[in-house]
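Undergrad: Below is the structure I would like to discuss, written out as structure tokens.
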Amino acid sequence: MAYQGFAQEYLGMPAVTRAYTTACVLTTAAVQLEFITPFQLYFNPDLIFRKFQIWRLITNFLFFGPLGFSFFFNMIFLYRYCRMLEEGSFRGRTADFVFMFLFGGFLMTLFGLFASLFFLGQAFTIMLVYVWSRRNPYIRMNFFGLLNFQAPFLPWVLMGFSLLLGNSIIIDLLGIAVGHIYYFLEDVFPNQPGGKKLLLTPSFLKMVFDTPEEDPNYNPLPEDRPENQPRDQDQNQQQHPQ
């Protein structure tokens, strides 16, 4: 029963959240089982551009460290806020959600070129938390039963918690900065006087991830209309036999 419940919950996850969290868990499991090592995954511009180890552009977002409190903490927040974004403000807009992933990952990678950052998954999680918190400003939050605050303070609370654990806050600040840039360009600037939407999702992403809308002006041929389908004719014959 527990397995069925887990399988049902897993299959019920929206597509992007399921794909990303699964990739993170499988990457960590592969490291734990020593199929691969973190040295094959971390962000290294020299190996990427000179040795053409392009996979590092992706794998550095997938590894959150060895199994432990920090890993599970990050996975819970990644799953929770990625899913709430995909099922909330990005509902029915999978292509826009994927484009946010690409935009955020691109900015973080640019920053990684000039800083000694090896893994950016935690920054990516903070970015998701930041965007969700700014789009849900009136939700009351509770952190481990100790703090009560409004949702927009959540990224800063997480940064403070990371600081208490003795971690560097540069990664958290990077996630907050990239999240704010996306939020400003997507939600704030277009609504300013003279502002306009600058982040336009490429059409090929919409073709791949979004179901095309039906043209309301489309007029099907007579033989394609539902009332002229054989099934309907058969039903009419059964209701009115000769």
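Along the chain as shown, residues are numbered 1 onward.
Positions of Cβ are set from backbone N, Cα and C atoms, glycine also.
In case it's useful when we look at the structure, here is the feature table from TrEMBL:
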COMPBIAS  222-234  compositional bias 'Basic and acidic residues'
REGION    212-242  region 'Disordered'
TRANSMEM  20-42  transmembrane segment
TRANSMEM  54-79  transmembrane segment
TRANSMEM  99-132  transmembrane segment
TRANSMEM  153-183  transmembrane segment
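I'd like to know what surrounds each of these features in this structure.
TA: Beyond its flanks by at least six residues, the transmembrane segment (99-132) meets 16, 20, 24, 38, 41-45, 57, 60-65, 74, 77-78, 81-82, 84-85, 88-90, 151, 154-155, 158-159, 170-172, 174-176, 178-183, 186, 199, 201-202, 205 of its own chain at Cβ-Cβ distances under 8 Å.
Sequence-distant contacts of the transmembrane segment (153-183) (same chain, at least 6 residues past either end, Cβ-Cβ under 8 Å): 70, 77, 100, 103-104, 107-108, 111, 115, 117, 120, 122-131, 133-135, 141, 143, 147, 199.
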